[in-house]
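Record features, source TrEMBL:
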- 20-39: transmembrane segment (TRANSMEM)
- 51-70: transmembrane segment (TRANSMEM)
- 91-119: transmembrane segment (TRANSMEM)
- 131-154: transmembrane segment (TRANSMEM)
- 161-180: transmembrane segment (TRANSMEM)
- 214-233: transmembrane segment (TRANSMEM)
- 245-265: transmembrane segment (TRANSMEM)
Amino acid sequence: MKLFFNMLAITFKEMQRQVFFWIILLGYLAYELMGLLNTAAPGDFLLSTSFLVQGGLLFFVFLGVLVIRLEDQHDLRTIYLTINKAFLINLCAKIIFGLIVSFVYSLLTYIVFFIYYIGKNFPLTHLYISAFYYTLLYFAFTFLIGYFLGLMIALIVKNKLVFPLTILIWLAIGPLNYVFLGDALKKFSRILNLGDPNPDGKYDSLYGFPIDSFYWYKHSVWILSLTLLLIIYLKLIHQLLKQRIFLIITLILSLLLGGNLYQLIRDWQVLKTGELSDQPREFEEQDYYSTYKKSAANHISVVPISYKIDLTIKQGVQANVYVKFLHNNHAGVKKVQMSLYHGFKVQKVKESGKALPFIQKKDSIIVTLPHKWKAKEYLKLNIKYEGHSSPLFYANERVVFLPYYFNWIPSVNTAPSFEIDSSGQLSRNNHQVNTDTIYSLTYKGRKLDYCNLTAKSNHQWDGTSRFGVTLLSGELQTKKREGTTLLFSGQSKGEFYAGFKKTITRIIESVNRDLGQQLQYPKTIAKLPLLSIAENKNDERAWYGEKLLLLDTPSDRWMLPDASFYPYILVPALTWKHENIQVRDRDYTEAFSTMYAYLYNKKMKISHEENVLTWYSEVKSQGVKKEVLLSLKRWLQTPGKEQEQLIFCKKWLQQMKQGKTAWEDVQKLLKLVKEGINNEHIVH
């Protein structure tokens, strides 16, 4: 042991004499500081450190070469080989040296990062714990692997090929390798990349940092493979290990390597953004749902009574659901149709313990019953399924985002999870249940930040809801402000909430007064990041459920400088989405939402830009639809008609609640209001 520490000390002294070692360290820290000064938020900074990692990796690969070449210059290897175990101990000392230095670099990176952002008054949140793991994975372990590779190259290669080979390896394994390998080798570059998997991606404040188990297994495979290669080298080249010891070590390393490889090749759902993603997340869904036929308004004859859900979320989703349905139609049926997101594969469907035949096609499940299910009778089914959630509704070890309007549990609304609207954009279908339904949830997975049911224990939630079940967990912080629970980005300072609350309260009060709704300021507000380009659509940015507001805005601050933005995203959430109004043509609800939001801004003297109304003439339309849209535009451009227009909006929403969602219905209503008929008798 004394010899080991002496050789470790000698290695440190050798490096201390190398001026470049200190120049690189100071340059590394200076570059990090420059990055900090140019990046506003902590999450954004760490995801922009790919150049720092690429540069540090170059240093560590050459450092591994250098610790061996310095001894070779003095022919110390030959001397160590003549002394019992000296070469082996010296090699272990050099590996430990690399381990220490790589971890010191990682720790320095984290300490500077931590001090800088805490000094900038950013809140101390779980983000900093995740950031520590991030620097450990993508700095310490990546640098260690680089050092190990350089050391192995120097041991095995003795000629001038050492340095060109070192450069090639550095280019291949760094986070910026896709720049050098090109588009043709994009998939290969992802496999080799030991840095951030999304080097030019943006920080997702719900998902957090890419520190999934998948990436730890990947780095472990590299370290175990290099260790196994070193053991084989010592045995075959220098005969330094006894056969029995060699076989035992090789067997142990092989088993560990096999176990990690097995985990690595399993089906993982990880965040992919930026240059290395095959395509943006919403495009994956857009391609899939472009093959769907347009879904009509669904007339539901099955009423959910209760759900008992056993849910496990780790690598993916595993669910065992017991449902109780009521048949609310006149005729008996032998087939039951439900919807479930296609990423969840149904293993079995049972009734009273007996397996039932079923067909799962896309987002649809059709179960064949052995008997006729008569009207007003109850049906109890057990449905077991597993798989991956949508890329837009993640559910894995890093994040859980399963809102009530997503059919992550079997839904009696047979519409698919998404559909393509008339403008070719991806839109979410609302799968809230609409009736008071009893829920019992047993959950195992990462700790939940929010569940709309009542917690009975660490793993059990129960309650009744007419919307459904919402589960939320991610890189969020939780604050209590004036009786409202706020969930928002871990890197946000939570600024300007007072102005935000004032704005939202005014909109809710106005909607209640003008449109006849009876809504309150939410008890919980979850401010989530922009999950996809598809959410640039105003009606996708907010959902108002049971005392819960899910909100997405393009800023970490609560209040945006332009208050006119809020009505356009909140009116859909507070009206037709809250009431779960199903329409054939989404332009129908868009026309309503835009009209009332425009009138609200005009009434409150916030903003009433005329260019908002261009949508009515630019949207694809013909026949009655076109006539209605152009009539609405002309009417909205007529001054002094605001009061009539607000009455019209109220009656329009009343019509939608009654199921009248055809363009002909709104055309008749528009005509009646314009003709000045007594507004109390417009809608019968």
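Yeah, the Cβs are placed from backbone N, Cα and C, and that goes for glycine too.
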Exercise. By Cβ distance under 8 Å, which residues at least 6 away from the ends of the transmembrane segment (20-39) in the same chain are close to it?
Worked result: 45, 48-49, 51-52, 55-56, 59, 63, 105, 108-109, 112-113, 116-117
For this session: Report yes or no: does the transmembrane segment (214-233) come within contact of the transmembrane segment (51-70), defined as 3 or more CB pairs under 8 Å with a sequence separation of 6 or more?
Result: no
Exercise. Cβ pairs under 8 Å with the transmembrane segment (161-180): which stretch of 51-70, 131-154, 245-265 has the most?
Worked result: 51-70
For this session: Decide whether the stretches the transmembrane segment (51-70) and the transmembrane segment (245-265) have at least 3 CB pairs under 8 angstroms, with pairs required to be 6 or more apart in sequence.
Result: no
For this session: With a Cβ cut-off under 8 Å, give me the same-chain residues at least six positions beyond the ends of the transmembrane segment (91-119) that come close to it.
Result: 4-5, 7-8, 10-12, 15, 25, 28-29, 32-33, 36, 41-42, 45-46, 49, 52, 56, 60, 63-64, 67-68, 128, 131-132, 135-136, 139-141, 143-144, 147-148, 151, 230, 234
